Amino acid sequence: MDIGDFVKLELENTTYSGTLMPSLNENTIVIKMKSGYNVGLDKKKIKNIEILESGDKPKYGLPPLNLEKNPKLKNISILSTGGTVASRVDYKTGAVHPAFTADDLIRAVPELMDVANIKGKVILNILSENMLPKYWAMTAEAIKEEIENGAEGIVIAHGTDTMHYTASALSFMVTSEVPIILVGAQRSSDRPSSDAALNIIAAVKAATEPIKGVYVLMHGETGDTVCHLHEGTKVRKLHSSRRDAFKSVNKTPIAEVNPVTKEVKYLRDVKSRDKSKIKEVVLNTNLEEKVALIKVYPGIDSEILKFYVDNGYKGIILEGTGLGHTPETFFEGIDYANENNVLVAMTTQTINGRVNMNVYSNGRELQAKGVIPCEDMLSEVAFVKLMHLLGNYEFEEAKELMPKNIAGEINESINLEC
């Protein structure tokens with residue numbers, strides 16, 4: 001029995017048929033069923049295996065491809081940090097291959113040839129839950145190198161779980177006249193409902209636009225007619241599996257991008273690039289990694305805060321209830337943090353709306369204890385911002401800058417309800 005064979009597996013009460021695939025576990029047999037889904041079965045539970053059809057030895061062959069730069073199109077670099085947004089599937093085995101040479105990208109998504117001149121580069125190959133702050137700095141350095149080598153737009157392929165953290169980090173780290181677009185896929189490229197190809201087409205299109213800044217581009221609805229371009233510090237993943245999981249919070253998206261017609265419709269004012277400074281990039285990648293994000297809950301113990309202080313943490317983001325509150329029983333821990341020069345700031349776990357710690361006595365008392373209100377900053381953004389500030393400024397200056405708008409993280413509109 002070889003990889004690629006079409007087999008029938010008999011269990012006690014049922015049978016499964018499909019193409020035999022590679023397995024990472026020697027005790028598990030994996031097959032790809034005709035539905036396109038993979039199933040892994042415990043070898044001990046399999047009563048009988050029948051080879052229905054012998055398969056050819058799997059090959060990952062590529063036809064020759066002649067790529068010539070189109071002088072009428074912009075030069076876009078696509079940097080991969082991992083994920084499946086532009087991977088290529090060998091349907092005989094189900095194996096997923098990274099597709100990050102220019103040739104591979106065009107084969108995976110040939111429509112890109114009509115949008116831009118593509119250069120592909122792998123900088124990381126990790127699951128996004130394994131993203132580390134040092135990788136944000138590595139990504140920023142790769143962006144700088146590509147821009148200085150002539151890239152007129154950057155697309156970063158990223159796993160969706162922590163993409164909003166990375167977008168936030170790059171918003172604080174990178175100052176450039178080139179658009180930086182993070183893109184991912186909620187459905188892998190071997191599934192009929194995959195959003196990978198359309199998202200990357202729309203992201204590359206957005207990267208050719210005359211704008212600057214860091215953005216996230218993902219499906220704007222469950223269908224395939226529109227993708228949304230979100231500001232990097234005002235976006236969050238709000239669903240575990242839907243294709244339109246990413247939403248702008250307390251702001252509308254920057255634009256709608258039709259991945260089929262390639263039309264871009266701006267929904268509000270954007271930051272336009274200065275062509276004369278197209279190769280100028282300023283990086284500030286210093287981060288204080290001893291920062292924690294703590295969700296407040298009924299009965300939360302001050303010992304939690306004391307633990308972080310005693311272990312050398314320099315900053316704490318509290319994701320408080322409502323307008324920015326904690327139980328009074330938590331005040332002791334906040335006093336302890338303040339006495340030890342640990343910067344404590346407050347966001348709200350409601351996600352939408354803004355912190356207002358002047359309404360109730362609880363919030364006013366927290367402010368008196370040195371807790372900084374973070375306006376309508378998302379908790380994840382406040383977490384990254386505090387790492388950035390403490391990595392670059394002294395305590396008092398960081399404390400002063402925390403409630404100020406640096407990279408679009410605060411919506412200063414007086415019309416925002418809270």
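Glycine is no exception: its Cβ is also placed from the backbone N, Cα and C atoms.
Small disclaimer: the values here were computed from a predicted structure and weren't measured.
For THR84 (among others), the entry in Swiss-Prot reads active site, with the evidence type sequence analysis.
Residues annotated as active site in Swiss-Prot, with sequence analysis given as evidence: THR160 (among others).
All chains included, 16 other C-beta atoms sit within 10 angstroms of the C-beta of ASP161 (active site). Annotation comment: Swiss-Prot describes ASP161 (among others) as active site, evidence class sequence analysis.
Here Swiss-Prot flags LYS237 (among others) as active site. For LYS237 (active site), the number of other Cβ atoms no farther than 10 Å from its own Cβ, over all displayed protein chains, is 20.
The domain 'Asparaginase/glutaminase' annotation in Swiss-Prot covers 74-405, and the record cites sequence analysis as its basis. Mean model confidence for the domain 'Asparaginase/glutaminase' (74-405) is a pLDDT of 93.
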- All chains considered, the count of other Cβ atoms within 10 Å of the Cβ of THR160 (active site) is 24
- Where LYS237 (active site) sits in the secondary structure, as DSSP reduces it to three classes: strand
- Item | Inter-residue Cα distance where the pair is LYS237 (active site) and ASP161 (active site), in Å | 7
- Sorry to bug you, but what's the C-alpha spacing from THR160 (active site) to LYS237 (active site), rounded to the closest Å? 8
